[in-house]
Ligand code: DOR
């Protein structure tokens, strides 16, 4: 059995440094100055040890757009970003609305072996919003799909949404909603506000998100189904979720926020650089502050990247023609440290909660988001909390280079990632 020794680590950033011995796939021993033989030693110099991150919202683009990302390149980005599990969204080409496609993605993830790749199944056939996809068949496939989403599109028909919540309830599934009332966002290019008005860009109004979130909370409560809200972007959505979760009959509703919505605002429109185009759009300072608060107090459960790589020709063009989306896997931790840890809104236990434990719970993963304790699976990330690094979009592992954080200095660096006891990334390099 392989033995890996992590020397001088601080679980959850607490207490004096200890050593952690990983034997095979599990944490075998934790203690000060362990005197043991090991096949490999990682000298951590007091770095923070956390459960490996779990991303509920990743676009891996395979099949169909392998010029933007593949399961292999996306898995590398995930490992380098500290992730041990990612959920691959269904808006591929062809759409992941059947067992063949989800099994393909799942199998590719296993072959690459850098991160657990869980395919998300589409809610409706072809993401068209008209007819439920074969949710049960995807659930029973080798990929054991549990989360279903038409992300990129909203399941806007309330009856289809109701049926999806009812049907997935029968097997413990989750419906992850991209909340966007399409009749309110026809032609939308940016957050509806002063900046878009000044620049002549058609607006994406906050109530287009909020109306669907409120409606779907009501439907989840009524049906007893499990609802997850993707990429919450407005302070109004945070208010609705806070109100809904305060009710005794709230049922199972969870929500995620992206790193970019925790940091960037629509002031970025000024440059007309499509690297800042994303759906839902970057909003206002007040929204950013409300989202940070909502993440800190648990109203929003977790961080999810909405990692959305695009090929150069889909971003290096005029604003209206550009595809929405931003890279996220390798910069998520840095943004969370900058927006939540440094201002004192989250400690490292909080980071473990929002980037690992809650997403693992929402997804029903038994072996992820587990405590850093003896006997637990060694899905881990080691973070240097003091290191600062400069993002270079072109140097990230993704095929797409569309990082809005290019050139930005970020705090908090991933030193190493372990998947079931094996190093998948170390010192900025992927380990295969
Ligand atoms: O910005 C986005 N990009 N938002 C989405 O909902 C979809 C995603 C993509 O697939 O590129």
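Glycine is treated like the rest: Cβ placed from N, Cα and C.
Cross-referencing 151, 157, 266 with the Zn(2+) 2 binding residues that TrEMBL gives (178, 231) picks out 151.
Here TrEMBL has 59, 60, 61, 91, 279, 324, 325 binding substrate, and the candidate from 43, 310 in that same listed site is 310. Binding site for Zn(2+) 1 per TrEMBL: 57, 59, 151, plus 306 from the candidate set 306, 314, 316. Residue 324 (substrate binding site) is 12 Å away from residue 151 (Zn(2+) 1 binding site) when you measure Cα to Cα. Of all Cβ atoms in the shown protein chains, 30 besides its own fall within 10 Å of the Cβ of residue 60 (substrate binding site). Of all the binding-site residues listed here (178, 231, 306), 306 has the Cα closest to the Cα of residue 324 (substrate binding site). Local packing around the binding-site residues 324, 325 was summarised as the count of other Cβ atoms within 10 Å of each Cβ; on this measure the leading residue is 325. Proximity of the binding-site residues 59, 61, 324, 325 to ligand 1, judged by a Cβ distance under 6 angstroms to any of its atoms, singles out 59, 324, 325 in sequence order.
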